[in-house]
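Taken from TrEMBL, the feature domain 'Glycerol-3-phosphate dehydrogenase NAD-dependent N-terminal' covers 8-175. If you look up TrEMBL, you'll see Gly12, Ser13, Gly14, Asn15, Trp16, Gly17, Phe99, Ala156, Arg271, Lys300, Gln302 marked as NAD(+) binding site. As annotated by TrEMBL, substrate binding site applies to Lys122, Arg271, Asn272. Among the features that TrEMBL reports, domain 'Glycerol-3-phosphate dehydrogenase NAD-dependent C-terminal' is placed at 196-343. Feature annotation from TrEMBL assigns active site, proton acceptor to Lys207.
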Amino acid sequence: MASTLKRVSIVGSGNWGSTIAKIVGTNVLSNPKFDQKVKMYVYEEIVDGRKLTEIINTQHENIKYLPGHKLPENVVAVPDVVEVAHDADIIIFVLPHQFMANTCKPLMGKLKSDAFGVSLCKGFYIADDGKIDLISNMVRNLLKIECLVVMGANIAGEVAAGQFCEATIGSRNREQGLLLKEVLQTDFFRIVVRHDVEVVEACGALKNIVALGAGFCDGLNYGDNTKAAVIRLGLMEVMKFCDIFYKSSEHRTFFESCGVADLVTTCYGGRNRRVAEAFARALGEKTIDELEKELLNGQKVQGPEAAREVNIMLKAHNYENDFPLLTSIYKICVREIPVTQLIDNLRNHPEHL
Ligand SMILES: NC(=O)c1ccc[n+]([C@@H]2O[C@H](COP(=O)([O-])OP(=O)(O)OC[C@H]3O[C@@H](n4cnc5c(N)ncnc54)[C@H](O)[C@@H]3O)[C@@H](O)[C@H]2O)c1
């Protein structure tokens with residue numbers, strides 16, 4: 001007889017992926033609804049002369065992406081994404097967003113028909129016709145399954161250390177949202193379920209761009225007032241962007257963890273801010289790609305890619321001038337304008353909302 005236990009699988013094993021594996025692996029052990037084994041897809045690489053999957057399965061630690069934190073032994077690292085996802089009921093996608101489409105393609109037609117996906121990826125998807133879409137829509141269209149999202153003020157190392165924080169699930173289907181909440185919530189990880197999934201997801205993607213602006217301010221030695229102005233204008237542009245492109249947008253959602261909290265934490269603590277600060281200090285001597293390699297040990301910054309994706313969207317709808325912050329940050333990243341021009345471009349920021 002087929003098991004009625006729900007299987008949860010994780011596709012991705014970076015800094016956040018490994019942290020989520022730690023939470024999910026622990027939660028399924030104490031909840032009789034779930035199968036206790038959690039398969040985690042690992043993009044195979046050699047670390048210290050050994051396969052990363054082998055290290056994780058013997059040492060129960062992702063020594064490259066989440067060193068110093070043990071993973072529960074029921075989390076099993078697997079290098080084959082189809083093997084990880086084919087028999088899962090809930091598939092959590094947690095990859096740098098630029099790798100999502102290629103990682104998902106082998107899963108086409110291979111998943112359980114009543115499975116649902118969950119995207120924790122922050123960024124957009126560029127379709128073959130050049131159009132920009134949400135990652136959750138890409139999953140829905142490509143894999144023919146529903147896709148929820150989880151976003152929030154969640155710097156992975158702090159969550160892995162058990163420090164209190166919150167996250168927001170975006171789910172059109174309340175039942176799936178509440179089931180996912182059981183998979184994720186702990187006494188230090190408080191989860192709220194919202195129905196306007198597009199807004200929850202867009203907030204997560206857009207805040208990384210604003211964080212680059214905050215990092216530029218730090219690198220140019222501007223004070224806290226200037227940085228706060230950049231963050232506030234960033235929030236206004238995020239809200240306007242959602243109002244224009246996602247009709248289900250409800251302003252309450254911007255005040256959940258996926259909105260203002262994630263924006264603040266990323267603008268003070270995240271890796272996008274850090275790389276942007278170094279970029280501004282180098283004053284054009286180094287590219288963002290060079291700094292990412294230099295500073296992040298294989299981790300990815302998502303902001304520059306998201307800035308490019310959003311710019312394609314704004315340009316296509318003739319909105320570049322209505323979003324001076326997002327537009328300027330994109331132009332700085334591709335070195336079309338110098339970083340020192342950021343604030344000049346904000347002086348006549350249009351009224352919003
Ligand atoms: N790290 C955080 O604090 C944090 C918090 C919340 C959300 N997120 C989001 O979670 C997502 C995953 O980020 P992360 O921090 O787990 O990753 P990461 O940047 O720490 O690690 C990069 C991952 O990408 C994998 N990878 C490299 N090349 C690949 C390829 N060609 N195909 C597939 N995988 C490849 C690596 O093996 C590694 O697992 C991102 O969208 C990020 O924005 C991260």
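Placed from the backbone N, Cα and C atoms, the Cβ positions cover glycine too.
Within the set of recorded positions Phe99, Lys207, Arg271, Asn272, Phe99 have a CB atom less than 6 Å from some atom of ligand 1. Rounded to the nearest whole angstrom, the C-alpha distance between Gly14 (NAD(+) binding site) and Lys207 (active site, proton acceptor) is 20. Straight-line distance linking the Cα atoms of Gln302 (NAD(+) binding site) and the residue listed as 'active site, proton acceptor', rounded to a whole number, equals 10 Å.
Comment: NAD(+) site residues Gly12, Ser13, Gly14, Asn15, Trp16, Gly17, Phe99, Ala156, Arg271, Lys300, Gln302; largest CA to CA distance 19 Å, whole number. On the backbone, the CA of Trp16 (NAD(+) binding site) and the CA of Lys122 (substrate binding site) stand 11 Å apart.
Listed in sequence order, the recorded positions from Gly12, Phe99, Lys207 having a Cα within 10 Å of the Cα of Lys122 (substrate binding site) are Lys207. Taking CA atoms as the reference points, Phe99 (NAD(+) binding site) and Lys207 (active site, proton acceptor) are 19 Å apart. If you take the C-beta of the residue listed as 'active site, proton acceptor' and look for same-chain residues 6 or more apart in sequence within under 8 angstroms, you find Lys122, Gly234, Val238, Asp262, Leu263, Thr266, Cys267. A count of other CB atoms within 10 A of each Cβ picks out Gly12 as the most crowded of the binding-site residues Gly12, Gly14.
The average pLDDT computed for the domain 'Glycerol-3-phosphate dehydrogenase NAD-dependent C-terminal' (196-343) is 94. Look at the Cβ of each of the binding-site residues Asn272, Gln302 and count the other Cβ atoms within 10 Å; the largest number goes with Asn272. Secondary structure from DSSP puts Trp16 (NAD(+) binding site) in a helix.
Note: the substrate site is recorded as Lys122, Arg271, Asn272; in the same chain, Asn208, Ala211, Thr266, Gly270, Arg273, Lys300, Val301, Gln302, Gly303 also have Cβ atoms within 8 Å of that site's Cβ centroid. Just so you know, of the binding-site residues Trp16, Phe99, the Cβ with the fewest other Cβ atoms around it within 10 Å is the one at Phe99.
Rounded to the nearest whole angstrom, the C-alpha distance between Asn272 (substrate binding site) and Gly12 (NAD(+) binding site) is 20.
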